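Trainee: Structure incoming, see below.
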């Protein structure tokens, strides 16, 4: 079992953690989140981005992690970036707790997300389904108010 965590920080009141657990190289990864301080009663995007570089805030993380050269999509789509995690829902206080399993997110192997950045976005991911020019690249998910590098956890 490999475990990892991203501790979220940024230029906003958003904070929290996103954890990852993978039993072996062929197993799906469980992604769990506990996020506070976002917009109330909203769907907000989160993605794994290419770089673990946060020297200029979350913008330094680069584009979505996309080792297979696919278009942006929903987590359940065949054609999607590895880093496309979709949206999480916040409650009336702007907090979100949840988990999902993902077959493309890996902690083991050449396409591992370890050392990359988990980014929380200001907007909702359109899952690559709109006519907006950013839809097939970013899901038109907006600014990056919080992020954290994915590191190995105890």
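From the backbone N, Cα and C atoms, a Cβ is placed for every residue, glycine too.
Keep in mind that this is a model prediction, so the values were computed, not measured.
What Swiss-Prot records for 47, 49, 64, 121 is Cu cation binding site. Residues or ranges marked as disulfide bond in Swiss-Prot: 58-147. Swiss-Prot lists 64, 72, 81, 84 with the feature Zn(2+) binding site. Among the features that Swiss-Prot reports, compositional bias 'Basic and acidic residues' is placed at 125-137. Swiss-Prot lists 125-144 with the feature region 'Disordered'.
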Trainee: List nothing but the one residue from 58, 147 whose Cβ has the fewest other Cβ atoms within 10 Å; the candidates are the disulfide-bonded residues.
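Mentor: Candidates: the disulfide-bonded residues 58, 147. Fewest Cβ atoms within 10 Å: 58.
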Trainee: Relative to the Cβ position of residue 64 (Cu cation binding site), how many further Cβ atoms are located within 10 Å?
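Mentor: Taking every protein chain into account, the count is 23.
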Trainee: Measure the Cβ-based neighbour count of residue 81 (Zn(2+) binding site), defined as the other Cβ atoms within 10 Å of its Cβ.
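Mentor: Here the count is 27.
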Trainee: Identify all same-chain residues not among 47, 49, 64, 121 whose C-beta atom falls within 8 angstroms of the centroid of the Cu cation site's C-beta atoms; report them in sequence order.
Mentor: 45, 46, 48, 61, 63, 65, 83, 84, 85, 119, 138, 141, 144
Trainee: Using only C-alpha positions, which one of 58, 72, 81, 84 is spatially nearest residue 47 (Cu cation binding site)? These are the recorded positions in the record.
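Mentor: Going through 58, 72, 81, 84 one by one, the closest to residue 47 (Cu cation binding site) is 84.
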Trainee: Between residue 84 (Zn(2+) binding site) and residue 64 (Cu cation binding site), what is the CA-CA distance rounded to a whole number of Å?
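Mentor: Pair distance, Cα basis, whole Å: 7 Å.
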Trainee: Please list residues from the chain of residue 49 (Cu cation binding site) whose Cβ is under 8 angstroms from its Cβ, counting only those at least six apart in sequence.
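Mentor: Expected: 61, 62, 63, 64, 65, 83, 116, 117, 118, 119, 147.
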